[in-house]
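Among the features that TrEMBL reports, transmembrane segment is placed at A:6-29, A:58-79, A:106-129, A:135-155, A:162-180, A:200-217, A:258-282, A:329-350, A:357-379, A:391-408, A:415-444, A:464-487 (among others). Annotation comment: TrEMBL describes A:18-439 as domain 'DUF112'.
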Amino acid sequence: MDPLLLALWGFTTPAVFLTLLGSVVIGLVIGAIPGLSVNIAVALAVPLTIFMPTEQALVMLIGLYGSGIFGGSISAILLNAPGTPASAATIFDGFPMARAGLATKALRISLVASVFGSVFSIALLVMLAPQLAQFALRFGPVEIASLLFFTFLIIGVLSGGSLMKGLLSASIGMALATIGSDPMLGIPRFTFGSTSLMDGLTYVPLLVGLFALAEIIEEATKGFSKTAQKVELAAEDRAANRITRTELKMMGVPMLRASAIGSAIGILPGIGATIASFLAYADAKRSAKDASRFGKGDVRGVAVSESSNNAVVGATFIPTLALGIPGDAVTAILLGALVLQGVTPGPLIFMTAPGIVYTIYFALLLSTILMGVIGYFAVRPLAMTLRIPKIYLMPCVALVCVAGSYVARNNIVDLFVMIGAGVLGFVFNRTGVPVAPLLITFIITPPFEEALRQALTRSQGSFAPFLTNPVTIGLALVAILLVLLSARRERALAARASAEKAADDGDAKASEGRA
Amino acid sequence: MTSTRRTVLSTALGLGLAAATGLSFGLSAAPASAQGWEPTRPIQIVVGFAPGGGTDQTARLIASAAQELFPVPLVVVNRPGASGTLAAEIVANADPDGHTLLVGGGSESTSVPNHMETNYSLDQFRGVARVNREHMVIVTKAGSGLDSVEAVVEHAKENPGDLAYASSGPAGILHSAFLVFEKEAGIEMQHVPYQGGAPALAALLGGHVDLAIITPGDAMAQMEAGNVNAIATTSDRAPQIPDVPSLSELGYDVNLENMKGLVAPAATPDEAIAYLQERFEQAMQSETFATLAERANIQPGYLSGQEFEQAMSDMSAAIREAIGERPEGN
């Protein structure tokens, strides 16, 4: 039989299907727990797969991976605590929506967007994997450094009102990112002789602290409300929580762009889903005609963040399958699991084991569909979490924060980082300093420094490659164009505002005159 | 108190594995011990890398194969960080009572302490048993013209500092292997570190560096696809790629491997070491171990504790010598 049909036939076996179902559910749950990342789930599942048939093993690992990233958005929306780092950008609009009683709607949008992003990247994987992988290989240190330098520009977009406060936040993030081993020489920086700090701070505890713990402290200052929340999921809210046709239309183009951004980031090594979701968020906010609702509960904010991070999932399989080089930590573990199954992953896998490739395609697609179905029914009960009085809910969240920060590396330092970040986040919230720029610079700085210094090692310290590289020049032109455009728009807005003000003043004077 | 949650997870996993392999430590009879030392609580096998990686696989493999010989559970604990040195530091300073072991023999044992200051040294460990060895294969990009060690050395001598090699990170075993090769061949190349072996291979395939070191399994797959030339191994010939010569055959005195095995804190009593060594040796001769190792594509390489210590200190000395001749931090 054709390997394609054979692979599809494999999914009709009850054992394979039930494994897929089970792993999608477990992935959702683990993803939703802040700190318990998808990587841990997949890594711990590998030894269990040794004695399974190949299909069942693959289905288990892939099911965990895809649904885990969607699971992360659940806690981001409901608790202000991203379940996975990739869902951090979902918080910006997801949590305000939940506060406004639109939790169900936010979760639904997240689900739709996740499925959309997954399908988009799976389509790319199936159709263009070899070509895209070859293209990605051409991205060397110079190109990656330029691309990351360009992403620093989004600090401006994420800063909200005050650029000064945004830059303050960004510089703290950058300073924190320099803790740890120097990427080129391995010499420790700001570690004070502690081996625990050699790898620097990681972003799970930072993220959990900045968002979740900061929120707990905020609630603590209000003395924790003991009454059930007024988030009614009754009849009148049913209508408000339905996604309207206009909203779908409004989200369509941004989701498409976000999925493209996510896929592009997923193909490149070492950048990751978290940067993808921030980039997509900034892109959507910048290109929106009316961006005033962003950060206050705009449906597009949730949609772009979730579609881009799920698009990364399919895209990381592109270098993994086409080149035999894993796109991220999870696909690296997956490659290891393939070896256990007696399959040599590598560029020839399409010829030597086409059945495996098709099984991976179908597992990705089916797990996305199952995630959609399970998610659809789970959304309303999940939203009920918000009805739990804060005095009971918050201690549980705090417990999860502590456990989640610790398990990622079994390193006690991470616990202190989480607590410190929580206090910092609280201070930031009270003083109106945005948290997002800190996070984004913290995440971008290490790969940027690595790529920059790799490039400079190759050119023996000369910056010339940056001035002659077509990618660098292209990105620089786009950057200049963006700055000019936004400056023009600012001026237009200012002009309109002053015109309106003048008109108001005119009216006021006129009425005074009449009086 | 170490990882509560992780220990629970690992224990569950260990149990799962044991069940899967048809073993059960509850029922098994441990060989009678004449030496008078018996473990009294679970034995921790500390892994310096994240779950799912090569070192972790080795740990879980030996733990599940040896479990039936022990009256207490063998628990794999992951303490990833700082290229495995965090875990090494923890075990070097742990109670030397035979209940804490490290999966050592790789970068953290033979390489890193020669490059920088660490809070432990190789002689703070005693060997228990070497479990496996992994060959390292030097590769160049296909079509680059660098299709043999001779071609590389010739090019490097004519254009000093022109060739660049990718490593999996500064101070790691791959970095050291290139340093020793450079010294033996009397050449100088640029070092470009990447975060791990996979990005290093990607950089080679993209033409951003000229040389990289990969595993024989990866080398085989990439050679079949016509992407790389495997020019030499850094020890003896690897069974997966028997046509690739070793550096020593070619006249370069290099003998480095990525080894994995169990080590204990140096002050661990002889009776405890003897007890552990006897059981792990027996485990490695078992059917279970052979089956698991074959499935995991792990090349068994048993050495007794003393031989393992010797192998580690030989490699460490070769690396130290190569670094000594270079300026600081290179």
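Keep in mind that glycine also has a Cβ here, set from the backbone N, Cα and C atoms.
Most Cβ pairs under 8 A with the transmembrane segment (A:391-408) among the ranges A:106-129, A:162-180, A:200-217, A:329-350, A:357-379 are made by A:200-217. Pairs of Cβ atoms less than 8 Å apart link the transmembrane segment (A:357-379) most often to A:6-29, out of A:6-29, A:200-217, A:329-350. Below 8 A, the CB atoms of the transmembrane segment (A:135-155) and the transmembrane segment (A:58-79) form no more than two pairs separated by six or more positions in the chain, fewer than 3 in all.
Ranked by the number of CB pairs under 8 Å to the transmembrane segment (A:6-29), the listed stretches A:58-79, A:200-217, A:258-282, A:329-350, A:464-487 are led by A:58-79. Counted over residue pairs 6 or more apart, the CB atoms of the transmembrane segment (A:415-444) and the transmembrane segment (A:258-282) come under 8 Å in at least three pairs, which marks the two as touching. Sequence-distant contacts of the transmembrane segment (A:106-129) (same chain, at least 6 residues past either end, Cβ-Cβ under 8 Å): 66, 69-70, 73-74, 77-78, 90, 93-94, 97-98, 241, 243, 247, 251, 255-256, 258-260, 262-263, 266, 299, 302-315, 317-318, 321-322, 361, 364-365, 368-369, 371-372, 375-376, 379, 382-383. Long-range Cβ contacts of the transmembrane segment (A:329-350) within its own chain (Cβ-Cβ under 8 Å, at least 6 residues beyond either end) map to 38-39, 42-43, 46, 49-50, 54, 57-58, 61-62, 65, 130, 316-317, 320-323, 356-357. Through the fold, the transmembrane segment (A:200-217) approaches residues 34-35, 37, 76, 79-82, 85, 88, 91, 176-181, 274, 394, 397-398, 401, 404-405, 408-409, 414-415, 417-426, 428-429, 435, 438-439, 442-443, 446 of its own chain, all at least 6 residues removed from its boundaries and within a Cβ separation under 8 Å.
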